[in-house]
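Some features that Swiss-Prot has for this protein:
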type    : residues                                                       : note
SIGNAL  : 1-35                                                           : signal peptide
BINDING : GLY236, THR237, ALA238, HIS329, ASN334, PRO335, ARG336, ARG347 : heme b binding site
Amino acid sequence: MQYKDENGVNEPSRRRLLKVIGALALAGSCPVAHAQKTQSAPGTLSPDARNEKQPFYGEHQAGILTPQQAAMMLVAFDVLASDKADLERLFRLLTQRFAFLTQGGAAPETPNPRLPPLDSGILGGYIAPDNLTITLSVGHSLFDERFGLAPQMPKKLQKMTRFPNDSLDAALCHGDVLLQICANTQDTVIHALRDIIKHTPDLLSVRWKREGFISDHAARSKGKETPINLLGFKDGTANPDSQNDKLMQKVVWVTADQQEPAWTIGGSYQAVRLIQFRVEFWDRTPLKEQQTIFGRDKQTGAPLGMQHEHDVPDYASDPEGKVIALDSHIRLANPRTAESESSLMLRRGYSYSLGVTNSGQLDMGLLFVCYQHDLEKGFLTVQKRLNGEALEEYVKPIGGGYFFSLPGVKDANDYLGSALLRV
């Protein structure tokens, strides 16, 4: 059946029907259109999530035991401060900016339009906290002759050296200080970085930067779901329970009985590794071989021969590695012996995707971050066990560094690094 339109041209009835539906939708009378209008777009955060916040003051810095947020950035800086007084000014200023940014508030107005705006404006007129955490760590180089801090250097802090499989780029290594910035959304992370750089032009210079992510649903699980890395395997299954305070005192935090400088108590050693994946090569590798390399089922995350992700592998009943290979990643990283208990660490890694390399390969990988009370017993011991593992054929560490995450800020009269600088 056909109708004539207002110009006298024959028009199919289906087209005319669509026009009627469109008119009803504009009038608010179409149930389908109304339903779509009230639905949130996929992946968007509710207002409650944007206003989620982590406490800033406390014995420890946020961003270490905090359940992983979806977006993350690592930024290493060279410190431009000329003396210890300048360094104190830097740490006080960073503390002030962190306190504001993590708790949120109205964006500052610019009183004189002839001057640069006081805020980048990328979050609008209200800066939502968005579950933001900013964790400040210091590198080995901060304890050189510039500030007279050498006697106070954490005992196990050292410059990152090359392991056999490393292909380190000097431009992506080390730093006087490192910021780990995490939030629910990437725009909040970027806003925080720009705010910090704007306020410290004479005190900090960016050395290197990398941005990372985990899946939105893993972040929303608040630590109950293990993130999946870009090799398709769950990453962090064997992490110790971050909600167990007694265990965290043993694994993560520097304590008084370690004979470290007194100011380090409540802080943590941080190892950072930028690891590039050969994803094209990996994607052409048979599933069975992939699972043998990791020692886990790719879909469930369970140790091979077991049913569930968090099942504990029984290496004693598999001494020849017939079920879980002797050189598998999980068996080398954590042999589950009495001796290996001292090398536990808390992993907080993120995936990255950066474009393509000069050779035309996808530049994807892992921003590996871990925290431990002792760098030598933790990351360094584990990495030595992993030297020569089968996974090395598919991964290439290209940067990173070792740092010490400062203890927390007690209250509004305190500042990050105060115990270090008052010595």
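Any Cβ shown, glycine's included, is placed from N, Cα and C.
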Query = Rounded to a whole angstrom, what is the largest C-alpha distance between any two of the residues GLY236, THR237, ALA238, HIS329, ASN334, PRO335, ARG336, ARG347 that the record assigns to heme b?
reply = 17
Key: Sparsest Cβ surroundings (other CB atoms within 10 Å) among the binding-site residues ARG336, ARG347   = ARG336
Message = Among all protein chains shown, how many Cβ atoms are found within 10 Å of the Cβ of PRO335 (heme b binding site), not counting that one?
response = 15
Remark   = According to DSSP, ARG347 (heme b binding site) sits in strand
Request  = Can you check which residues sit near THR237 (heme b binding site), meaning Cβ under 8 Å from its Cβ, same chain, 6 or more apart in sequence, and list them in order?
outcome  = THR226, ARG296, GLY301, GLU309, HIS310
Message = Applying a 10 Å Cβ distance cut-off over all chains shown, what neighbour count does GLY236 (heme b binding site) have?
response = 18
Key: Listed in sequence order, residues with CB under 8 A of ASN334 (heme b binding site) and six or more positions away   = ALA238, SER340, SER343, LEU344, VAL382
